[in-house]
Amino acid sequence: MAPLLQLLWLLTLLSTVALSPVPAKPWADDEQAWNLSSQELLAPARFALDMYNYGRAAGTRAVLGAVRGRVRRAGQGSLFSLEATLEEPPCNDPLVCPLPETKKTVLCSFEVLEELKEHLLLRRDCSPVNAKVTEFRNATFSSFLPLLDKDPLPQDFSVKMAPLFKDFMTTYNRTYESREEAQWRLTVFARNMIRAQKIQALDRGTAQYGITKFSDLTEEEFHTIYLNPLLQKESGRKMSPAKSINDLAPPEWDWRKKGAVTEVKNQGMCGSCWAFSVTGNVEGQWFLNRGTLLSLSEQELLDCDKVDKACLGGLPSNAYAAIKNLGGLETEDDYGYQGHVQTCNFSAQMAKVYINDSVELSRNENKIAAWLAQKGPISVAINAFGMQFYRHGIAHPFRPLCSPWFIDHAVLLVGYGNRSNIPYWAIKNSWGSDWGEEGYYYLYRGSGACGVNTMASSAVVN
(Lines of atoms letter the chains of each structure in order from A and count residues from 1; the text may use other names and numbers.)
(Lines give C-alpha, C1' and ligand atoms only; values in the text may rest on other atoms or scores of the structure.)
Protein backbone atom coordinates (compact mmCIF):
# COMPACT_ATOMS: atom_id res chain seq x y z
CA MET A 1 0.00 0.00 0.00
CA ALA A 2 1.42 3.40 -1.00
CA PRO A 3 2.64 5.68 1.85
CA LEU A 4 0.13 8.41 0.97
CA LEU A 5 -2.73 5.91 1.00
CA GLN A 6 -1.51 4.59 4.35
CA LEU A 7 -1.55 8.12 5.75
CA LEU A 8 -5.05 8.79 4.45
CA TRP A 9 -6.30 5.54 5.94
CA LEU A 10 -4.69 6.32 9.28
CA LEU A 11 -6.24 9.79 9.39
CA THR A 12 -9.65 8.36 8.53
CA LEU A 13 -9.43 5.62 11.12
CA LEU A 14 -8.14 7.95 13.83
CA SER A 15 -11.07 10.27 13.28
CA THR A 16 -13.70 7.52 13.18
CA VAL A 17 -12.31 4.79 15.41
CA ALA A 18 -9.39 5.62 17.65
CA LEU A 19 -10.76 8.90 19.01
CA SER A 20 -14.23 7.50 19.64
CA PRO A 21 -15.07 5.58 22.81
CA VAL A 22 -15.39 1.89 22.04
CA PRO A 23 -19.00 0.81 22.70
CA ALA A 24 -19.79 -2.53 24.26
CA LYS A 25 -21.44 -3.65 21.01
CA PRO A 26 -19.33 -1.81 18.44
CA TRP A 27 -21.13 -2.38 15.16
CA ALA A 28 -23.62 0.00 13.63
CA ASP A 29 -26.87 -1.29 12.19
CA ASP A 30 -25.46 -1.54 8.67
CA GLU A 31 -22.38 -3.46 9.82
CA GLN A 32 -21.89 -7.03 10.89
CA ALA A 33 -20.11 -8.89 13.67
CA TRP A 34 -19.62 -12.61 13.71
CA ASN A 35 -17.22 -15.43 14.45
CA LEU A 36 -15.20 -15.48 11.26
CA SER A 37 -14.16 -18.74 9.68
CA SER A 38 -10.53 -19.80 9.84
CA GLN A 39 -10.23 -19.18 6.09
CA GLU A 40 -11.41 -15.57 6.41
CA LEU A 41 -9.00 -14.96 9.28
CA LEU A 42 -6.01 -16.61 7.67
CA ALA A 43 -4.54 -13.70 5.68
CA PRO A 44 -4.93 -10.89 8.26
CA ALA A 45 -3.84 -13.20 11.10
CA ARG A 46 -0.70 -14.29 9.26
CA PHE A 47 0.13 -10.68 8.46
CA ALA A 48 -0.29 -9.67 12.11
CA LEU A 49 1.95 -12.57 13.13
CA ASP A 50 4.60 -11.53 10.59
CA MET A 51 4.57 -7.99 12.00
CA TYR A 52 4.84 -9.36 15.54
CA ASN A 53 7.85 -11.48 14.53
CA TYR A 54 9.49 -8.77 12.41
CA GLY A 55 13.25 -8.72 12.95
CA ARG A 56 13.36 -11.93 14.97
CA ALA A 57 15.80 -14.67 14.12
CA ALA A 58 14.65 -18.17 13.23
CA GLY A 59 13.95 -20.16 16.36
CA THR A 60 12.79 -17.12 18.33
CA ARG A 61 9.57 -16.42 16.44
CA ALA A 62 6.15 -16.89 17.99
CA VAL A 63 3.63 -19.23 16.38
CA LEU A 64 -0.08 -18.64 16.03
CA GLY A 65 -2.40 -20.47 18.41
CA ALA A 66 -6.11 -19.67 18.50
CA VAL A 67 -7.74 -16.78 16.65
CA ARG A 68 -11.17 -15.19 16.69
CA GLY A 69 -12.21 -12.03 14.95
CA ARG A 70 -14.71 -9.55 13.62
CA VAL A 71 -14.68 -7.37 10.53
CA ARG A 72 -16.32 -4.22 9.27
CA ARG A 73 -16.21 -2.16 6.12
CA ALA A 74 -13.65 0.64 6.01
CA GLY A 75 -13.97 2.62 2.80
CA GLN A 76 -13.15 0.20 -0.01
CA GLY A 77 -11.46 -2.24 2.33
CA SER A 78 -12.04 -4.24 5.48
CA LEU A 79 -10.92 -3.61 9.04
CA PHE A 80 -10.23 -6.81 10.97
CA SER A 81 -10.18 -6.80 14.78
CA LEU A 82 -8.45 -9.97 15.92
CA GLU A 83 -7.93 -11.64 19.27
CA ALA A 84 -5.20 -14.27 19.17
CA THR A 85 -2.98 -16.42 21.32
CA LEU A 86 0.68 -16.65 20.34
CA GLU A 87 3.05 -19.30 21.62
CA GLU A 88 6.50 -17.88 22.37
CA PRO A 89 9.39 -20.38 22.14
CA PRO A 90 11.75 -20.93 25.10
CA CYS A 91 14.50 -18.32 25.39
CA ASN A 92 18.01 -19.36 26.46
CA ASP A 93 20.00 -16.56 24.83
CA PRO A 94 21.56 -14.39 27.59
CA LEU A 95 21.78 -11.46 25.16
CA VAL A 96 18.00 -11.53 24.75
CA CYS A 97 16.77 -12.92 28.08
CA PRO A 98 18.71 -12.12 31.27
CA LEU A 99 17.26 -15.30 32.75
CA PRO A 100 16.24 -18.45 30.86
CA GLU A 101 12.53 -18.43 29.97
CA THR A 102 10.29 -21.38 29.23
CA LYS A 103 7.69 -21.46 26.49
CA LYS A 104 4.89 -18.99 27.24
CA THR A 105 1.52 -17.95 25.84
CA VAL A 106 0.84 -14.35 24.84
CA LEU A 107 -2.59 -12.79 24.34
CA CYS A 108 -2.79 -10.21 21.56
CA SER A 109 -5.33 -7.82 20.09
CA PHE A 110 -4.64 -6.68 16.53
CA GLU A 111 -6.34 -4.36 14.09
CA VAL A 112 -5.46 -5.04 10.47
CA LEU A 113 -6.65 -3.01 7.50
CA GLU A 114 -7.02 -4.98 4.27
CA GLU A 115 -7.49 -3.28 0.90
CA LEU A 116 -6.81 -4.72 -2.54
CA LYS A 117 -5.07 -7.69 -0.89
CA GLU A 118 -2.64 -5.32 0.85
CA HIS A 119 -2.45 -5.24 4.66
CA LEU A 120 -1.61 -2.56 7.20
CA LEU A 121 -1.23 -3.17 10.95
CA LEU A 122 -2.97 -0.35 12.82
CA ARG A 123 -2.83 -1.63 16.39
CA ARG A 124 -1.01 -4.28 18.39
CA ASP A 125 -1.58 -4.90 22.10
CA CYS A 126 0.05 -8.01 23.58
CA SER A 127 0.85 -9.27 27.05
CA PRO A 128 1.82 -12.62 28.58
CA VAL A 129 -1.07 -14.64 29.97
CA ASN A 130 0.59 -15.08 33.35
CA ALA A 131 1.05 -11.33 33.81
CA LYS A 132 -2.72 -10.89 33.93
CA VAL A 133 -3.95 -14.15 35.31
CA THR A 134 -1.61 -15.75 37.84
CA GLU A 135 -2.57 -13.21 40.46
CA PHE A 136 -6.04 -14.76 40.38
CA ARG A 137 -5.19 -18.45 40.15
CA ASN A 138 -2.04 -20.54 40.51
CA ALA A 139 -2.11 -22.57 37.33
CA THR A 140 -0.01 -23.72 34.41
CA PHE A 141 -1.00 -21.61 31.46
CA SER A 142 0.74 -23.70 28.84
CA SER A 143 -2.67 -25.40 28.78
CA PHE A 144 -4.38 -22.18 27.63
CA LEU A 145 -7.65 -23.01 25.93
CA PRO A 146 -7.33 -22.84 22.13
CA LEU A 147 -10.61 -21.60 20.70
CA LEU A 148 -10.11 -23.90 17.72
CA ASP A 149 -8.83 -26.84 19.80
CA LYS A 150 -8.66 -30.00 17.71
CA ASP A 151 -5.59 -31.55 19.33
CA PRO A 152 -5.65 -35.35 19.65
CA LEU A 153 -6.47 -36.77 23.05
CA PRO A 154 -3.60 -38.06 25.18
CA GLN A 155 -3.06 -41.79 24.75
CA ASP A 156 -5.50 -43.91 26.79
CA PHE A 157 -7.20 -40.78 28.13
CA SER A 158 -10.65 -41.98 27.04
CA VAL A 159 -10.04 -45.26 28.86
CA LYS A 160 -9.19 -43.35 32.03
CA MET A 161 -12.38 -41.31 31.65
CA ALA A 162 -14.61 -44.38 31.23
CA PRO A 163 -15.58 -44.70 34.95
CA LEU A 164 -16.52 -41.02 35.09
CA PHE A 165 -18.49 -41.39 31.87
CA LYS A 166 -20.37 -44.37 33.31
CA ASP A 167 -21.30 -42.29 36.36
CA PHE A 168 -22.38 -39.48 34.04
CA MET A 169 -24.67 -41.81 32.11
CA THR A 170 -26.26 -43.02 35.35
CA THR A 171 -26.66 -39.54 36.83
CA TYR A 172 -28.24 -38.05 33.72
CA ASN A 173 -30.05 -41.17 32.50
CA ARG A 174 -28.17 -41.34 29.20
CA THR A 175 -28.66 -44.16 26.72
CA TYR A 176 -27.19 -44.45 23.23
CA GLU A 177 -28.48 -46.28 20.18
CA SER A 178 -25.36 -48.30 19.50
CA ARG A 179 -22.01 -49.28 20.94
CA GLU A 180 -20.33 -47.11 18.33
CA GLU A 181 -22.31 -44.05 19.42
CA ALA A 182 -21.48 -44.75 23.07
CA GLN A 183 -17.79 -44.94 22.19
CA TRP A 184 -18.05 -41.70 20.26
CA ARG A 185 -19.78 -39.99 23.19
CA LEU A 186 -17.05 -41.24 25.52
CA THR A 187 -14.48 -39.57 23.27
CA VAL A 188 -16.51 -36.34 23.28
CA PHE A 189 -16.84 -36.56 27.06
CA ALA A 190 -13.08 -37.04 27.49
CA ARG A 191 -12.28 -34.08 25.26
CA ASN A 192 -14.81 -31.97 27.16
CA MET A 193 -13.10 -32.80 30.46
CA ILE A 194 -9.88 -31.36 29.04
CA ARG A 195 -11.75 -28.26 27.85
CA ALA A 196 -13.38 -27.83 31.27
CA GLN A 197 -9.97 -28.02 32.95
CA LYS A 198 -8.59 -25.33 30.65
CA ILE A 199 -11.59 -23.08 31.23
CA GLN A 200 -11.13 -23.63 34.97
CA ALA A 201 -7.47 -22.59 34.80
CA LEU A 202 -8.33 -19.30 33.10
CA ASP A 203 -11.35 -18.30 35.20
CA ARG A 204 -10.57 -15.37 37.49
CA GLY A 205 -13.51 -15.88 39.84
CA THR A 206 -14.62 -18.69 42.12
CA ALA A 207 -16.53 -20.71 39.51
CA GLN A 208 -16.07 -24.46 39.30
CA TYR A 209 -16.30 -26.19 35.92
CA GLY A 210 -16.63 -29.88 35.25
CA ILE A 211 -19.22 -32.56 34.52
CA THR A 212 -22.69 -31.28 33.66
CA LYS A 213 -25.64 -32.72 31.78
CA PHE A 214 -24.12 -31.27 28.59
CA SER A 215 -20.77 -33.06 28.92
CA ASP A 216 -21.44 -35.55 26.10
CA LEU A 217 -22.20 -32.84 23.53
CA THR A 218 -19.64 -31.40 21.17
CA GLU A 219 -19.16 -27.66 21.27
CA GLU A 220 -20.92 -27.38 17.90
CA GLU A 221 -23.91 -29.44 19.10
CA PHE A 222 -24.26 -27.39 22.27
CA HIS A 223 -24.15 -24.10 20.39
CA THR A 224 -26.62 -25.27 17.76
CA ILE A 225 -29.15 -26.70 20.22
CA TYR A 226 -29.06 -24.37 23.21
CA LEU A 227 -27.73 -20.98 22.12
CA ASN A 228 -29.05 -18.11 20.05
CA PRO A 229 -26.81 -16.78 17.24
CA LEU A 230 -29.34 -14.12 16.23
CA LEU A 231 -28.34 -12.05 19.27
CA GLN A 232 -25.06 -11.14 17.59
CA LYS A 233 -26.22 -11.12 13.97
CA GLU A 234 -29.38 -8.99 14.02
CA SER A 235 -30.13 -5.62 15.57
CA GLY A 236 -33.86 -6.12 16.13
CA ARG A 237 -36.53 -3.53 16.80
CA LYS A 238 -35.46 -0.18 18.20
CA MET A 239 -36.66 0.54 21.73
CA SER A 240 -36.92 3.82 23.59
CA PRO A 241 -34.39 4.42 26.36
CA ALA A 242 -35.69 3.87 29.87
CA LYS A 243 -36.60 6.97 31.87
CA SER A 244 -33.98 8.22 34.29
CA ILE A 245 -34.23 7.02 37.87
CA ASN A 246 -32.29 7.50 41.08
CA ASP A 247 -28.98 5.81 40.32
CA LEU A 248 -28.19 4.94 43.94
CA ALA A 249 -28.36 1.16 44.31
CA PRO A 250 -28.43 -0.75 47.61
CA PRO A 251 -25.41 -2.98 48.29
CA GLU A 252 -27.34 -6.11 47.34
CA TRP A 253 -30.72 -7.12 45.96
CA ASP A 254 -32.53 -10.36 45.17
CA TRP A 255 -36.00 -10.45 43.63
CA ARG A 256 -36.28 -14.16 44.40
CA LYS A 257 -36.61 -13.28 48.08
CA LYS A 258 -39.39 -10.83 47.28
CA GLY A 259 -41.62 -13.17 45.30
CA ALA A 260 -41.05 -11.67 41.85
CA VAL A 261 -39.44 -14.69 40.17
CA THR A 262 -41.06 -17.96 39.05
CA GLU A 263 -39.36 -21.34 39.28
CA VAL A 264 -36.49 -22.17 36.95
CA LYS A 265 -37.77 -23.46 33.61
CA ASN A 266 -36.22 -25.64 30.92
CA GLN A 267 -36.10 -24.66 27.26
CA GLY A 268 -35.16 -28.21 26.27
CA MET A 269 -33.43 -28.90 22.97
CA CYS A 270 -34.59 -25.61 21.48
CA GLY A 271 -32.81 -22.27 21.10
CA SER A 272 -35.68 -20.39 22.72
CA CYS A 273 -33.73 -18.64 25.49
CA TRP A 274 -34.97 -15.30 24.13
CA ALA A 275 -38.58 -16.24 24.95
CA PHE A 276 -37.73 -17.35 28.50
CA SER A 277 -35.73 -14.18 29.14
CA VAL A 278 -38.64 -12.00 28.06
CA THR A 279 -41.41 -13.91 29.86
CA GLY A 280 -39.29 -13.84 33.02
CA ASN A 281 -39.06 -10.08 32.75
CA VAL A 282 -42.80 -9.70 32.10
CA GLU A 283 -43.58 -12.01 35.03
CA GLY A 284 -41.61 -9.70 37.31
CA GLN A 285 -43.12 -6.52 35.87
CA TRP A 286 -46.66 -7.85 36.27
CA PHE A 287 -45.96 -8.91 39.85
CA LEU A 288 -44.54 -5.51 40.79
CA ASN A 289 -47.39 -3.59 39.15
CA ARG A 290 -50.33 -5.93 39.80
CA GLY A 291 -49.26 -7.93 42.85
CA THR A 292 -49.71 -11.38 41.26
CA LEU A 293 -46.92 -13.70 40.14
CA LEU A 294 -47.96 -15.76 37.12
CA SER A 295 -45.89 -18.25 35.15
CA LEU A 296 -46.31 -17.11 31.55
CA SER A 297 -46.24 -18.94 28.23
CA GLU A 298 -43.02 -19.13 26.23
CA GLN A 299 -44.75 -21.44 23.77
CA GLU A 300 -47.04 -18.60 22.74
CA LEU A 301 -43.99 -16.67 21.58
CA LEU A 302 -42.55 -19.66 19.72
CA ASP A 303 -45.83 -20.18 17.87
CA CYS A 304 -47.12 -16.65 17.38
CA ASP A 305 -44.09 -14.33 17.15
CA LYS A 306 -43.63 -14.37 13.38
CA VAL A 307 -40.60 -12.06 13.38
CA ASP A 308 -38.37 -14.24 15.55
CA LYS A 309 -37.37 -17.77 14.60
CA ALA A 310 -38.60 -19.93 17.48
CA CYS A 311 -36.03 -22.64 18.25
CA LEU A 312 -33.54 -21.08 15.83
CA GLY A 313 -33.30 -17.95 17.96
CA GLY A 314 -34.88 -14.58 18.49
CA LEU A 315 -34.47 -11.12 19.97
CA PRO A 316 -36.09 -9.75 23.13
CA SER A 317 -36.99 -6.48 21.39
CA ASN A 318 -39.02 -8.37 18.79
CA ALA A 319 -40.67 -10.51 21.46
CA TYR A 320 -41.90 -7.46 23.39
CA ALA A 321 -43.46 -6.12 20.19
CA ALA A 322 -45.13 -9.47 19.53
CA ILE A 323 -46.66 -9.56 23.02
CA LYS A 324 -48.02 -6.04 22.60
CA ASN A 325 -49.38 -6.70 19.11
CA LEU A 326 -50.96 -10.03 20.06
CA GLY A 327 -52.72 -8.48 23.02
CA GLY A 328 -50.87 -10.14 25.89
CA LEU A 329 -49.58 -13.46 27.18
CA GLU A 330 -51.41 -16.55 28.32
CA THR A 331 -50.20 -18.50 31.33
CA GLU A 332 -48.01 -21.58 31.22
CA ASP A 333 -50.94 -23.67 32.45
CA ASP A 334 -53.19 -22.52 29.61
CA TYR A 335 -50.59 -22.57 26.82
CA GLY A 336 -47.97 -25.11 27.86
CA TYR A 337 -44.41 -25.41 26.61
CA GLN A 338 -43.69 -28.03 23.94
CA GLY A 339 -40.15 -27.11 22.90
CA HIS A 340 -40.93 -26.93 19.18
CA VAL A 341 -43.02 -24.75 16.90
CA GLN A 342 -46.74 -25.43 16.56
CA THR A 343 -49.66 -23.59 15.03
CA CYS A 344 -50.40 -20.36 16.88
CA ASN A 345 -53.23 -21.06 19.30
CA PHE A 346 -53.32 -17.74 21.14
CA SER A 347 -56.65 -16.42 22.35
CA ALA A 348 -56.90 -12.80 23.44
CA GLN A 349 -59.70 -13.80 25.80
CA MET A 350 -57.29 -16.17 27.57
CA ALA A 351 -54.50 -13.60 27.99
CA LYS A 352 -53.78 -12.90 31.65
CA VAL A 353 -51.20 -10.13 31.30
CA TYR A 354 -50.40 -7.34 28.86
CA ILE A 355 -47.59 -4.86 28.36
CA ASN A 356 -47.71 -1.24 27.25
CA ASP A 357 -44.22 -0.85 25.84
CA SER A 358 -40.60 -1.91 26.24
CA VAL A 359 -37.43 0.04 26.98
CA GLU A 360 -33.69 -0.29 26.52
CA LEU A 361 -31.55 0.20 29.63
CA SER A 362 -28.20 1.88 30.17
CA ARG A 363 -24.96 -0.05 29.62
CA ASN A 364 -23.59 1.32 32.88
CA GLU A 365 -23.66 -1.57 35.36
CA ASN A 366 -24.24 0.71 38.35
CA LYS A 367 -27.31 2.11 36.63
CA ILE A 368 -28.45 -1.39 35.69
CA ALA A 369 -28.18 -2.43 39.35
CA ALA A 370 -30.16 0.62 40.47
CA TRP A 371 -32.85 -0.02 37.86
CA LEU A 372 -33.08 -3.69 38.86
CA ALA A 373 -33.51 -2.85 42.56
CA GLN A 374 -36.20 -0.28 41.85
CA LYS A 375 -37.99 -1.72 38.84
CA GLY A 376 -37.58 -5.50 38.77
CA PRO A 377 -35.78 -8.36 36.96
CA ILE A 378 -34.12 -7.45 33.66
CA SER A 379 -33.82 -9.30 30.36
CA VAL A 380 -30.15 -9.42 29.30
CA ALA A 381 -28.00 -11.28 26.78
CA ILE A 382 -24.53 -12.68 27.39
CA ASN A 383 -21.71 -14.61 25.82
CA ALA A 384 -22.24 -18.16 27.10
CA PHE A 385 -18.56 -19.12 27.04
CA GLY A 386 -17.88 -21.85 29.61
CA MET A 387 -21.52 -22.29 30.60
CA GLN A 388 -21.64 -25.77 29.06
CA PHE A 389 -19.46 -26.92 31.98
CA TYR A 390 -20.45 -24.43 34.72
CA ARG A 391 -21.31 -26.02 38.06
CA HIS A 392 -21.28 -23.30 40.72
CA GLY A 393 -19.49 -20.18 41.94
CA ILE A 394 -18.92 -16.74 40.44
CA ALA A 395 -17.75 -16.98 36.83
CA HIS A 396 -15.22 -14.42 35.63
CA PRO A 397 -13.90 -15.68 32.28
CA PHE A 398 -10.81 -14.16 30.73
CA ARG A 399 -12.18 -11.35 28.54
CA PRO A 400 -10.73 -12.47 25.17
CA LEU A 401 -12.53 -15.78 25.66
CA CYS A 402 -15.87 -14.25 26.67
CA SER A 403 -15.99 -11.22 24.42
CA PRO A 404 -19.02 -8.89 24.50
CA TRP A 405 -18.88 -8.96 20.69
CA PHE A 406 -20.19 -12.53 20.59
CA ILE A 407 -23.28 -12.65 22.81
CA ASP A 408 -25.35 -15.75 22.13
CA HIS A 409 -27.64 -16.44 25.10
CA ALA A 410 -30.57 -14.51 26.63
CA VAL A 411 -31.15 -14.78 30.38
CA LEU A 412 -32.75 -12.89 33.29
CA LEU A 413 -31.00 -10.72 35.87
CA VAL A 414 -32.79 -11.25 39.19
CA GLY A 415 -30.32 -9.79 41.67
CA TYR A 416 -26.80 -8.83 42.60
CA GLY A 417 -24.51 -8.86 45.61
CA ASN A 418 -21.08 -9.92 46.87
CA ARG A 419 -19.59 -13.25 47.89
CA SER A 420 -16.24 -13.09 49.68
CA ASN A 421 -15.91 -9.50 48.43
CA ILE A 422 -16.45 -10.57 44.80
CA PRO A 423 -19.33 -8.65 43.17
CA TYR A 424 -21.76 -10.75 41.14
CA TRP A 425 -24.94 -10.76 39.11
CA ALA A 426 -27.50 -13.46 39.96
CA ILE A 427 -28.83 -14.78 36.66
CA LYS A 428 -31.82 -17.03 36.08
CA ASN A 429 -31.09 -19.44 33.24
CA SER A 430 -33.52 -21.65 31.31
CA TRP A 431 -31.68 -24.99 31.29
CA GLY A 432 -33.53 -26.56 34.21
CA SER A 433 -32.76 -26.67 37.93
CA ASP A 434 -30.27 -29.53 37.43
CA TRP A 435 -27.76 -27.14 35.86
CA GLY A 436 -25.55 -24.62 37.66
CA GLU A 437 -26.61 -23.48 41.14
CA GLU A 438 -30.14 -24.90 41.04
CA GLY A 439 -30.61 -23.37 37.61
CA TYR A 440 -28.83 -20.08 38.33
CA TYR A 441 -25.59 -18.63 37.00
CA TYR A 442 -23.43 -16.19 38.94
CA LEU A 443 -21.33 -13.81 36.85
CA TYR A 444 -18.75 -11.22 37.90
CA ARG A 445 -20.27 -7.72 38.14
CA GLY A 446 -18.57 -4.46 37.28
CA SER A 447 -16.48 -5.09 34.17
CA GLY A 448 -19.13 -5.83 31.55
CA ALA A 449 -18.17 -9.49 31.82
CA CYS A 450 -19.34 -11.54 28.83
CA GLY A 451 -21.37 -8.59 27.51
CA VAL A 452 -23.92 -8.72 30.34
CA ASN A 453 -24.50 -4.96 29.99
CA THR A 454 -24.89 -4.81 26.20
CA MET A 455 -28.55 -5.76 25.71
CA ALA A 456 -30.45 -4.98 28.93
CA SER A 457 -34.15 -4.34 28.45
CA SER A 458 -37.55 -4.53 30.09
CA ALA A 459 -41.24 -4.51 29.36
CA VAL A 460 -43.32 -1.60 30.64
CA VAL A 461 -46.56 -2.36 32.48
CA ASN A 462 -48.70 0.64 33.45
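Including glycine, each Cβ sits where the backbone N, Cα and C put it.
Swiss-Prot names the disulfide partner of Cys311 among Cys270, Cys273, Cys402 as Cys270. Take the Cα of Cys304 (disulfide bond) and measure to each of the recorded positions Asn173, Cys311, Asn356, Asn429: the nearest one is Cys311. Separation of the C-alpha atoms of Asn356 (N-linked glycosylation site) and Cys344 (disulfide bond): 22 Å, rounded to the nearest whole number. Distance noted between the C-alpha atoms of Cys311 (disulfide bond) and Asn173 (N-linked glycosylation site) is 24 Å. Each of the recorded positions Asn173, Asn345, Asn418, Asn429 was ranked by the number of other C-beta atoms within 10 Å, and first place falls to Asn429. The two recorded residues, Cys450 (disulfide bond) and Asn429 (active site), show a Cα separation of 15 Å. Comparing C-alpha positions, Cys402 (disulfide bond) sits nearest to His409 among the active-site residues Cys273, His409, Asn429.
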